[in-house]
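A.B. asks: What Swiss-Prot shows for this protein is this:
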type: ACT_SITE; residues: C35; note: active site, nucleophile
type: BINDING; residues: K62, V75, E89, S90; note: glutathione binding site
type: DOMAIN; residues: 25-105; note: domain 'GST N-terminal'
type: DOMAIN; residues: 110-239; note: domain 'GST C-terminal'
Amino acid sequence: MSVLSGLNTKVVKNGDPAPAPPASGTIRIYNMRYCPWAQRALIFASLKKIPTEVINIHLDQKPDWFFTKHYKGQVPALEHDEGKKIVIESAVIPEYLDDIYPEPRIIPTDHYEKVQQKLLLDRISGQLSSAFYGVVQAAKISDLLKEKLVELAKAYDTAEELLTGDFYSGTSKPGFVDYLIYPNIQRAFWTSHIIKDFPLKVESFPGPNYPKLSKWYKRLDSIPEVIATSQPTETAVEFFKSWIIGAPNFDYGL
């Protein structure tokens with residue numbers, strides 16, 4: 001049974017009333033079902049089996065009250081202790097959850113190893129996400145799109161090179177880097193169904209040019225905490241089509 005209550009519920013938007021504080025003993029994550037950054041927090045909550053209430057936010061029509069949860073009005077935002085504590089930012093929330101719910105521990109407790117994981121995340125995630133969103137923004141401009149597709153392939157070349165074992169954690173289990181980069185890579189998988197000449201291939205994603213990443217993606221894609229926080233591929237592809245043309249349907253599939 002999933003610990004994530006409300007994951008597949010319709011968005012709240014401007015004009016909707018603010019929810020009551022989260023119940024004692026639970027956390028609340030403000031989310032958007034297709035957002036890779038919010039999925040980072042959901043994965044950690046699912047993995048640690050934390051009773052979690054999920055509230056989905058309409059990112060184009062944000063409720064005024066949501067800016068009291070995140071000053072930029074972004075997801076994810078974490079609320080707990082009956083609303084007394086709020087934590088924001090997609091790389092900060094997982095670390096916070098790892099500290100207050102330490103079983104199972106994901107981030108190394110050794111200070112040096114912890115720093116190395118954060119540096120690796122910064123190197124891989126920054127390049128992958130920048131290249132991917134560059135492609136999406138250029139999707140309707142053919143000359144620019146070709147340039148951005150080359151940049152995306154280079155970003156995946158780097159990710160392939162930096163994967164030296166089964167996982168970026170350097171252990172036999174996925175870790176901080178694996179869980180935090182997976183959502184953006186999953187969005188690239190969805191987009192590979194849509195954009196012509198996409199350098200990442202649907203079959204054995206991201207394709208034969210990335211043999212280590214293909215095995216890594218297959219491993220991550222089959223673990224319970226990823227399955228529990230992901231949307232069906234067919235649904236996600238249709239959402240991304242609406243997003244790419246600038247008319248995102250945040251409730252698609254509900």
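Numbering starts at 1 and runs along the chain as it is shown here.
Placement of Cβ uses the backbone N, Cα and C atoms for every residue, glycine included.
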A.B. asks: May I ask for the distance between K62 (glutathione binding site) and C35 (active site, nucleophile), taken between their Cα atoms and rounded to an integer number of Å?
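C.D. replies: Each residue's Cα considered, K62 (glutathione binding site) and C35 (active site, nucleophile) end up 15 Å apart.
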A.B. asks: Ranked by the number of other Cβ atoms within 10 Å of their own Cβ, which of the recorded positions C35, V75 ranks first?
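C.D. replies: Result of the Cβ crowding comparison: V75.
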A.B. asks: Same-chain residues six or more away whose CB lies under 8 A from the CB of S90 (glutathione binding site)?
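C.D. replies: Residues satisfying the criterion: W37, A38, R40, A41, P76, L180.
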A.B. asks: Whole-number Å only: compute the distance from the Cα of V75 (glutathione binding site) to the Cα of C35 (active site, nucleophile).
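C.D. replies: Cα-Cα distance, V75 (glutathione binding site) to C35 (active site, nucleophile): 8 Å.
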A.B. asks: Considering all pairs of residues in K62, V75, E89, S90, annotated in the record as contacting glutathione, what is the maximal C-alpha distance expressed in whole angstrom?
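C.D. replies: Among the residues the record ties to glutathione, max Cα distance equals 18 Å.
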A.B. asks: In this predicted model, what is the average pLDDT of the domain 'GST N-terminal' (25-105)?
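C.D. replies: Here the predicted model's pLDDT, averaged over the domain 'GST N-terminal' (25-105), is 98.
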A.B. asks: State the count of C-beta atoms found within 10 angstroms of the C-beta of K62 (glutathione binding site), not counting that atom itself.
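C.D. replies: The Cβ of K62 (glutathione binding site) has 19 Cβ neighbours within 10 Å.
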A.B. asks: Within 10 Å of the Cβ of E89 (glutathione binding site), how many other Cβ atoms can be counted across all chains shown?
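C.D. replies: Around E89 (glutathione binding site), other Cβ atoms within 10 Å: 18.
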A.B. asks: Taking just the CA atoms, what is the gap between the residue listed as 'active site, nucleophile' and E89 (glutathione binding site) in Å?
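C.D. replies: So the Cα of E89 (glutathione binding site) lies 13 Å away from that of the residue listed as 'active site, nucleophile'.
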